[in-house]
Amino acid sequence: MKLLIRPAPEVAIKSKPVRQQQMRQLRQNIRKLLARLDPEIRVDGSWDRVDVDVPDGRSLAGPVIDELVRIPGISTIQEIGVFPFVDLDDVGEKAVQAYAERLKGKTFAVRARRHGDHDFRSIDLERSVGAALLQGSDAKGVDLKSPDLEVRIEVKDDSYHIAHRRHEGLGGYPLGTVETVMTLISGGYDSSVAAYLMMRRGIRSHYLFFNLGGAAHEVGVRQVAHYLWERYGSSHNVKFISVPFEGVVAEIMRSVNHRHWGVVLKRMMLKAAAEIARDYNASGLVMGDAVAQVSSQTLTNLNVVDRASDEVVLRPLIAMDKQEIIRIAKDIGTEPFARNMPEYCGVISSKPVTRARLHRVEEDEANMDPAALADAIANRTDTMVSQLLDSTQTPEEVELIQTPSVDDVIIDVRHPSEEERSPLTLTNNDVLKIPFYELNQQVAELPGNRQYLLYCDRGTMSRMHAGHLKAEGHGNIKVYAPAV
C-alpha cells in the first residue's frame, strides 16, 4: 500500500527554510511512530508531501491509517495506486477500475495535478478522465462545486497516481516545531482539551498536576495524561509532574479571605508552575480557562491571576463555550475520563470575588507562610509519561489468572478505541466491555456470585484497577493475564 500525505496548508506557505525544517520534523515523527507497527515501512518525501510505502500482506492498512490521522501537522492522507504514464486513455481506464463501483448514483469531480513536461494541461486530464468515468460507470453526473466524490489524480513526469481513498488528518503543525510548554492538567474537560490543542499546534507539552488531596484523583489524571500522549503526542518524550498541594490549600484557607480563595489558589499554582517550568526549559504555561465560565475566570480575575508570574500564559479555550469544549473532548476520546473524574472541592467559597483587586489579593497572600508553597515545589515528583501507568501504585496485591475457569467473567477494561482495534474473543467465557473509567460505577451493579477477571493489553491498567477495587472490598475481582 502506498500513501501520499499532504501537510497542513499553513506549512506549505512558510518560507523555504522553515518549510524544510517542518517537513523534516513531520517525516521524522511519522517514521518514528510507524516503525512501531513495522520497521520495514518506508517514509520519504519532498517539500510539499510525504510518501509512505507499507509492505503488503501484513494487515497493516488499518493500523497505519489510524496512526496517521492522529499525527499533528497532517492535512490529508491518500491511499494511492501508482502507474507508469502511457497516455490519457490509460489514465481514464485506471480511474474507471478504481472508482466505477463507488460512483453509482453519485456526482463526482476530477481534480488533477501535473508536474513535468507534457503535451496536455491539467484541465485536459480532468476532462479526459471525467468523460471516461461518465461512460464507464453509473455515476449520476459531474458536479464541480459540491460533488459527492472527488477523483484525485496526479501526473509527475513519466508516472501518475490515482487516489483510492482520502482520510482527513488533524491539521496544525508537526509536533516539535514550536517551543515546549507546561500544561496545567486536572483531568477535566477543559485542561485535557487545552493540552490536545497545544499538541495539535505542534507544541510539545509537559503535564503539571497539582494534587489537592485525593489519591484517586491523581490516578485518574495520570490515565488522562497517558492517553493524550499515547494518542496524539507519543513521537516525543514528556514528563508528568505532580505537586503535593494539600499544604498550600490548608494555608490558603487559614490565612486568606474566603472570597479570594479561588483567585489565590490559581495564583499559587501559577507561581509554582512558573518556577517548575524553568527547570524543564518550558517557554510558557497552558491553562484551560474560558472567559466567565466560573467566577475566577472573569477578565479582571484572570488579569490578577496572571500577575503572579512573568511567564506567558496560553489559554486556548478562552472564547469557547462549554458545549464546544465537551464536543472536542468527545472527538478526541477524553470525555469519558472527565465525566468520571473524581473532584476535589475543598477551596470553594460561598461568595467568590468576581472583580478581585490586586493589592487586596497581595495583602491576603502576605499573611500566608511562604514555606507552604516552597515545600510543595520541593516535594514534587516527575515521571516520564510513557511510564505513567507502570509507576502508578496498586494499593492491594491481586491474583493473576492465566487460564480462567468456565464460570469466570472477563471484563475488558481498555479504552473503546483500543478494544475496537484488537477485540478480545474467548470461546469459553463471557466478555464484558467496561472501560476502566466506568468500572467503579458498574462493578457495584454486577452479580456478586461470579468471579471477574480484568483484562488489558499490557496488564498494567487491569492490575491497578483490580487493586483499587479489592481495597474497596470487592474480593471477587482478579486479573486475566494470558500467557504470551
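The first residue you see is number 1, and the count goes up from there.
Backbone N, Cα and C define each Cβ position, glycine as well.
For C456, the entry in Swiss-Prot reads active site, cysteine persulfide intermediate. Secondary structure at C456 (active site, cysteine persulfide intermediate), as computed by DSSP, is coil. Remark: C456 (active site, cysteine persulfide intermediate) has D412, V413, R414, F436, S462 as non-local neighbours, by Cβ distance under 8 Å and separation of at least 6 in sequence.
The Cβ neighbour count for K266 (ATP binding site), using a 10 Å radius and every protein chain shown, is 22. Taken from Swiss-Prot, the feature ATP binding site covers L184, I185, K266, G288, Q297.
Annotation source Swiss-Prot lists disulfide bond at C345-C456.
Mean model confidence of the domain 'THUMP' (62-166) amounts to 94 (pLDDT, 0 to 100 scale). Taken from Swiss-Prot, the feature domain 'THUMP' covers 62-166, and the record attributes it to sequence analysis.
The feature domain 'Rhodanese' is assigned by Swiss-Prot to 404-482.
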Report summary line: Cβ contacts within 10 Å for G288 (ATP binding site), all chains included, total 25
Query raised in the report: Within 10 Å of the Cβ of I185 (ATP binding site), how many other Cβ atoms are there?
Result: 27
Query raised in the report: When DSSP states are folded down to helix, strand and coil, where does L184 (ATP binding site) land?
Result: strand
Report task. Just give the helix, strand and coil counts over the domain 'Rhodanese' (404-482), going by DSSP. Result -> 26 helix, 16 strand, 37 coil
